[in-house]
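Scroll down for the structure; my scribbles are underneath it.
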Amino acid sequence: MMLLWKLVFLLSFLSCFADEQIHHGPVFIQEPSDVIHSENSEKSEVLLNCTAKGSPLLRYRWKQNGTDIDLSMSYHYRLVGGSLAINNPHKKQDIGTYQCLVTNSFGTILSRKAKLQFAYLENFETKARSAVSVREGQGVVLFCASPPHYGDLSFAWIFNNNPLYVQEDDHRFVSQETGNLYIAKVEASDVGIYTCVVSNREIKQSVQGPVTPLVLRSDGVMGEYEPKIEVRFPETIRAAKGTSVRLECFALGNPVPNITWKRSDGIPLARKISTSKGILEIPDFQQEDEGFYECIARNVQGSNIARGHLFTYAVPEWNKNIENTQLSLYETLVWECEATGKPKPSYNWFKNGKPLTSEERIQIENGTLTISMLNMSDSGLYQCVAENNYDSIYSNAELRVLASAPDFSKHPMKKTSVVHVGGEVTIGCKPSASPKAVINWEKGTEPLQQGKRIFILEDNSLKIYNITKSDAGVYSCIAMNQFGVARNSGNLIVKEKTVIVNPPCDIDVIVGESVVLPCQVSKDPSIEVVFSWSFNGDLIDFKRRMTHFERAGGDSVGDLMIRNIQLNHAGKYMCTVQTLMDTLSASAEIIVRGIPGPPKEVTIEYVSSTTAVLNWKSGAENNSPVHTYTVQTRTPFSVGWQAVLTVPEVINGKTRTATVVDLNPWVEYEFRVVAANNIGIGEPSTPSELLRTKASIPTVAPTNVSGGGGSRSELVITWESIPEELQNGEGFGYLIMFRPLGSFSWTKAVVTSVEASKYIYRNESIPSLFPFEVKVGVFNHEGVGTLSPVFLVYSGEDEPQIAPTGISVQSVSSFEMEVSWNPLVWTRHTGRILGYEVLYWMNDSRDSTTGKIRVNGNVTTKNITSLKANTMYFATVRAYNTAGTGPSSVLVNVTTKKPPPSQHPINIVWRLTNSKICLNWDHVKTMANESDVLGYKILYRQNQQSTTHILKTNITSAELLVPLEDDYLIEIKAVSEGGDGSSSEEIRIPTHSTIFGSAGEKKTYKGHEFYSNAIIQQTIILVGKVLYGKL
């Protein structure tokens, strides 16, 4: 029974504690905002919002103009949640300032103040307006005099009942401040009836004023006069930051004045500012837009200026809010609230909705509230209000004054603390107590005395330095105030110190190597250690960096292995050893040496026709000094980058300049530099700019100078053209020089085409096949270059003058014929013979199907293949030389033989006896249009060999004597006058070793079973019948 009561009491206590945790004073969720209500609105109710959260239950009240509203007037007021609904609002009764008050057992808070205004627009007075009489050329102002209203207005004017409003320009202006219409200079067209139209933007209603006639006086035209500014902006204008500022300025005058705007301080108007028709508009007004602005009205008679000073104002905004606070009895509360604003805000303080003033324990100074020696009655809801001329803001917070006995439930002492010998420990003691508790310490059952190693800190924690084994034991913290006493204890365990006995050491490695950094400890056997490694201060994640980093070791070893080390792995590595007692660390530096980085900023300082002076800056040495640099170049004509000769020939690592030599003139070059160190050759630099060497006289003469051929009376000279990279400048061409052999004077010719490789000299006096000495040179704009050696070239010749004789032709097969003729003997008169050309065609007339075959030298026979079978062909022969072809021989013809048999041999039977293969097959029958069979060819080869042997026979059988070391492949085809017929399908004949294994062993070959036995005769005849070549 006693246990049940204890349980009930405990649950009740916990329930109260839980309620205390969730209960709090009211906090606003939504506060009322200013409302403008239209008097002619269809809505019969105005709602001022107010919503808060809090527990226990909240109660809402409202004030109008500082006076409590009687919410019992249910016909006019009602609460919707916490919001105030006003039924059928009336301007005289309901206009004013409203404030919401929310209360529960913790206190009361005030909302911001909200204004309720009524928008309306009354009609103009019906009284007629007098006519306005002016002289032509005079300026005039027509007054609008808007009727009583509330809400933003806009203005327009009607002229002579025209449905379109008066358009504003340099001549007319409608002020949106006063509604007046300004005409800078009245003209005859301006005479008429004007009506002012006023619109209320809030209620979207417009009214028209009485008409105002404008008439001209009859006493003449107004002369010119200087501008008179009638529309001015105030001398001081204040605007909120972020709003749009609009200044008006308009002047009367004759001629019509021109309006311009500027800042008085000379600073140009910001781009965002727009000026048009007497209006200056500044969107998103900021502090930098502050200053004096001027409107200048100017015409030929003079000018006038209107000036005003623009200031920003800012509503209060919080820099520092007050926050909910819990303090103990007799402590001191200090709350600071701070807000920005322009002008600077003032501060007021409220407690539970009532103003606070300085008195005895309560001090208020600007935004700081100080309450000393707190008592329970000081608990409540406080508000700091910051306000200036433009707005006020509220910061709310709850103060709870606590009074309670010491309690360790929220911050209990650590049950067990483990520390090593020689170390230090701090045992915390942080009981909850109001007021603050007095603290005493015990070890075991004895009071703890402070000494050289043992101290009680200001926060009541116990600090023990240079710990020994004797310091182990149970330590208790005793807390006491006027409401009670509490005790809490913890056990201190002392263990041997952990020491790093094999720390990592500095190391020097080359990129790509693998290293191990040791980290081994000596420790208490009962202590677990955790190893971790950091690189340049960042913890190494071994799961994410498995490619290079690996942990190795056991219980007391935490070595770090780095595989395939890279330059970015250079730095400081720290091994950290963590135990329950302490943390140890040891570090080492790794220097990684690698190939040098690319040199930087390669520039060309000077360039000549064959040299270039380069400068560059060194790249990263990567911990290994550069010992040499190499210069490489690339041109539009080179294949990739190539090393070049330099001065100095070997560029040492301290040199940053070199002269590149042996360049080609007038070629675009780009250069790059490569550094090398003891590790290897680095990446090349970024290429230099593309730069062309200076031009020079060409130095390379054309090669392969030769020629000959061409027509009679022609000298053809050829050479190999000079590539562009060797032309050395613009205006490149070839100089051709030639003379008859034995002559002394040279004939010269110029070829300006850079791609030319041939020159033809024509002269009727040139003998046929006459020798000439020829040389070819080069030139460009810089001068004439080198000439080639002298070569002997013959002039052109005539075509052969005689036709071949003794022409004959015979058919060799169905697809081949042989043409023969007698050789020609040539002289200078009959033309040189280089060879013969055979022409052939089908039928008896030449057409596009004519074939043409040439033979060189004294060949007098030519076999022509790929002909059609059983077809008549015509042929003729003619000689040729470099000048062309001579006359054709007499025409001969021949008919090719019938085609060979289309059927291949069938029913092939083979027999294998020792080293002899016997073959038989059926005779091949031919078709009527095929050549008769004259015999047969047997084609055979070993399976693993590529060489084919041929045996010819006139009968349908054959014997082959072959060594049976391997299977044989055999084909048979018919032979005829028209050629060879189709081959039979390939026959595979197995050897003895393929068929037989060891004695008595059964072997299978393509479905046939064979036995090997010692009793069986050595000569075994195997007969197989092959049908269509298949076994």
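Cβ atoms here come from the backbone N, Cα and C positions, even for glycine.
Residues or ranges marked as domain 'Ig-like' by TrEMBL: 26-117, 122-212, 227-306, 316-400, 406-500, 512-585. Look at TrEMBL and you will find 598-696, 701-798, 803-899, 901-994 tagged as domain 'Fibronectin type-III'. Look at TrEMBL and you will find 1-18 tagged as signal peptide.
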Given the cut-off of 8 Å on Cβ pairs that are 6 or more apart in sequence, determine whether the domain 'Ig-like' (406-500) and the domain 'Fibronectin type-III' (598-696) share at least 3 such pairs.
no
Could you pull the average pLDDT for the domain 'Ig-like' (316-400)?
93
Looking only at the domain 'Ig-like' (122-212), what are its DSSP counts of helix, strand and coil residues?
3 helix, 38 strand, 50 coil
Secondary structure tally of the domain 'Fibronectin type-III' (803-899) (DSSP, helix then strand then coil)
0 helix, 48 strand, 49 coil
Tell me the residue counts in helix, strand and coil for the domain 'Ig-like' (26-117), as DSSP assigns them.
4 helix, 52 strand, 36 coil
Secondary structure content, the domain 'Ig-like' (316-400) (per DSSP, counts of residues)
3 helix, 52 strand, 30 coil
For the domain 'Fibronectin type-III' (701-798), residues assigned helix / strand / coil by DSSP:
3 helix, 49 strand, 46 coil
